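TrEMBL has this to say about the protein:
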type	residues	note
DOMAIN	6-117	domain 'Acyl-CoA dehydrogenase/oxidase N-terminal'
DOMAIN	121-217	domain 'Acyl-CoA oxidase/dehydrogenase middle'
DOMAIN	231-378	domain 'Acyl-CoA dehydrogenase/oxidase C-terminal'
Amino acid sequence: MIRDQETLTMLLDSVSRFVREQLIPLEDEVAETDQVPDRVVAQMRELGLFGLAIPEAYGGLELTMEEEVLFAFAIAKTSPAFRSLIGTNNGIGSQGIVIDGTEAQKRKYLPRLASGEIIGSFALTEPGSGSDAASLRTSAVRDGDHYVLNGTKRFITNAPEASIFTVMARTDPQARGGHAISAFIVEKETPGLSLGKIDKKMGQQGAHTCDVVFEDCRVPAENLIGGREGVGFKTAMKVLDKGRLHIAAVSVGVAERMLDDALRYAMERQQFGQPIAEFQLIQAMLADSKAEIYAARCMVLDAAQRRDAGQDVSTEASCCKLFATEMCGRVADRAVQIHGGAGYVSDYAIERFYRDVRLFRIYEGTTQIQQLVIARNMIKEAGG
Ligand code: COS
């Protein structure tokens, strides 16, 4: 659903200009320094990019899902590290509060997330619990008007920059599975919270992850999201439904960029006395990529419109994440192949994108978890 076409067009135009004029020229610098310059962060704040998915009542732009995926197509035409910086405030780092938070929690945290004054982060994964998220071990034991958290969270995106964390922890140590899990907002300065060293990743330099460790970390009971124990796993799953759709949209945008680069290279590069774009085997790779990107784009828009219409899109979000991220991997591979030797060295952006996009098939639920969610939902709907 598009609420106001004119405002949306203005936003998308300014984002596309920002990407073209400011971000693309900085890609190499960010990859080398592993840092997005402060002035870019300030420009993102000015454009309102930290609060796209936060309700207007709390200072955000309150984009619909359809508007948000159109934005994601545009911002993803450059290194994914830029999007990652604003990704958690609009996605997994704020949506637990947006979807299930109390009014007081919303009023306290959302305006500062929306303005980009603070960064929010989402702490679900642990050393022993990744795909099997419900098996997480971090504990939260009630003690008067506090909960005492103990445990370690792993690969937490934007943790080094974050001021608040949405933390999933087990409030009933005896019970197994998701029903014993609760979600908390934990402020970075809380005694007992510490960060591990920044992970050295395969790609996406400029976007940071690290461990978040809780040692007798006392969190006020008022920071229990929604004020209810035992519903934190469902909060996490609802947050991920939206996040998966967003990552699918990002995969479409990056794939479009990689295909643009590959097409331009194929039209310039001469072999056997003509541009390699004239060769049918190159054309097959270009055409397959174009068709698959188009399919993914249509899927993502359809699922976004369904979500805006109030439908449960758990299945569709997983279909989009599964198809679009795998598609993005295939496009990256073909784009390297079209570049030939030039695709294996860092003179061309495709070498970097090839590494950057590998993550899409892993985080916010692996391809295999998406397959599992889709098939389980099918069986449930069929009455199984
Ligand atoms: N929305 C709302 N509720 C949901 C939901 C959703 N999308 N998905 C599941 N739930 C609910 C279920 O309805 C169930 O509630 P009831 O027991 O009351 O019926 C509860 O949550 C547990 O669900 P389920 O039994 O399906 O849980 P499982 O432990 O079998 O695991 C998977 C579900 C595997 C899908 C989940 O653990 C998962 O998504 N893993 C991947 C985690 C992930 O994406 N990590 C990335 C890290 S964040 S970057």
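Glycine is no exception: its Cβ is also placed from the backbone N, Cα and C atoms.
Summarised as a single figure, the pLDDT of the domain 'Acyl-CoA oxidase/dehydrogenase middle' (121-217) averages 97. Residue counts for the domain 'Acyl-CoA dehydrogenase/oxidase N-terminal' (6-117) under DSSP, helix first, then strand, then coil, are 84 helix, 0 strand, 28 coil. Here the domain 'Acyl-CoA dehydrogenase/oxidase C-terminal' (231-378) is broken down by DSSP into helix, strand and coil counts: 125 helix, 4 strand, 19 coil. Counting residues per DSSP class in helix, strand and coil order gives 6 helix, 48 strand, 43 coil for the domain 'Acyl-CoA oxidase/dehydrogenase middle' (121-217).
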